[in-house]
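Have a look at the structure below before the remarks.
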Amino acid sequence: MHAKSDSEVTSLAPSSPRRPVYYVQSPSHHDAVEKMSYQSSPSGTPPHHHQNLYQSSPIHHSRESSTTRFSASIKNHMSGGAGPWRKMHRMRDEEEEDEDDEDEDGGRSGGMSTRVFYGGCFFLSFVVLFTLFSLILWGASRPYKPKIFMKSVVFENYNIHSGMDRTGVPTKMLSINSTVRMTFRNPATFFGVHVTATPLDLYYYNFQIAGGHMGKFYQSRKSERVVTVKVGAKELPIYGGGASLTGTNQEPNSVPFNLTFTVRSRAYVLGMLVKPKFYRRVRCIVVLKKNRIGKHSDLKANSCIYHD
């Protein structure tokens, strides 16, 4: 007989002494040890008498059979559904790969757009700075306008004689040769100029009697030169103007002429991008004196007018 533990309870109703006595007995210490050893054993093998008890118990059989069926159904379901599970895993992996590719494409496109943006900003900044620099150079070159000073004119030959024009009409014919001298100065400190000019025309009032051409030349910075131009005419029919060209009533031996031309200068400060142009219009009153044929006649400052 096992000793009774504190958990044993004896209940007896005081009002009915004839009722049977019920005893509640807790498992003994030995049974508890065996149960713990069964639960902790690796093989899980119960004692012999417990094994017999389980084998003879219908509840155990029913539980075992239900557990076996449940585990078998799970195994069958897992084994039979391996294909769909694999497909789901493949689909998920493919979706993850597609997302990674999209992220990579998005990163590449984002980097490309960033490079394009910075490249556009750099190009725009370069254009603005270059334009500003060109405007500064153009503005700095404007004050350095070339200077022209008329020096003298020499009439080497002046002759009026009778003749015929190309159609055979008799008339007076004029022949004249002269040389015009001028000084061209380039005051610019950082660029040279290419110089051309319109024809130098010699007029008697509104009637052109002679002309000449100045050759092209290049004038370096902070320098000057004396330019010589030949102005003349040969066998020019003057028709009814021969009498007046021989001399005026006040001075029979002098004839007034007007000399007009325009000097054009172009500077290439920054290649073909910055090339300022300068124009200088000149008009001089030249008096032909027959006693000064072959001699230099100075062109005074008050006899010439200069226009920009």
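Using the three backbone atoms N, Cα and C, a Cβ is placed for every residue, glycine included.
All TrEMBL annotations are machine predictions without curation.
According to TrEMBL, the protein carries these features:
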type	residues	note
REGION	1-108	region 'Disordered'
COMPBIAS	67-76	compositional bias 'Polar residues'
COMPBIAS	94-105	compositional bias 'Acidic residues'
TRANSMEM	116-140	transmembrane segment
DOMAIN	183-275	domain 'Late embryogenesis abundant protein LEA-2 subgroup'
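Within the domain 'Late embryogenesis abundant protein LEA-2 subgroup' (183-275), the DSSP-based counts of helix, strand and coil residues read 7 helix, 54 strand, 32 coil.
Listed as Cβ neighbours of the transmembrane segment (116-140) (distance under 8 Å, sequence separation of 6 or more from its ends, same chain) are residues 269-270, 273-274, 276.
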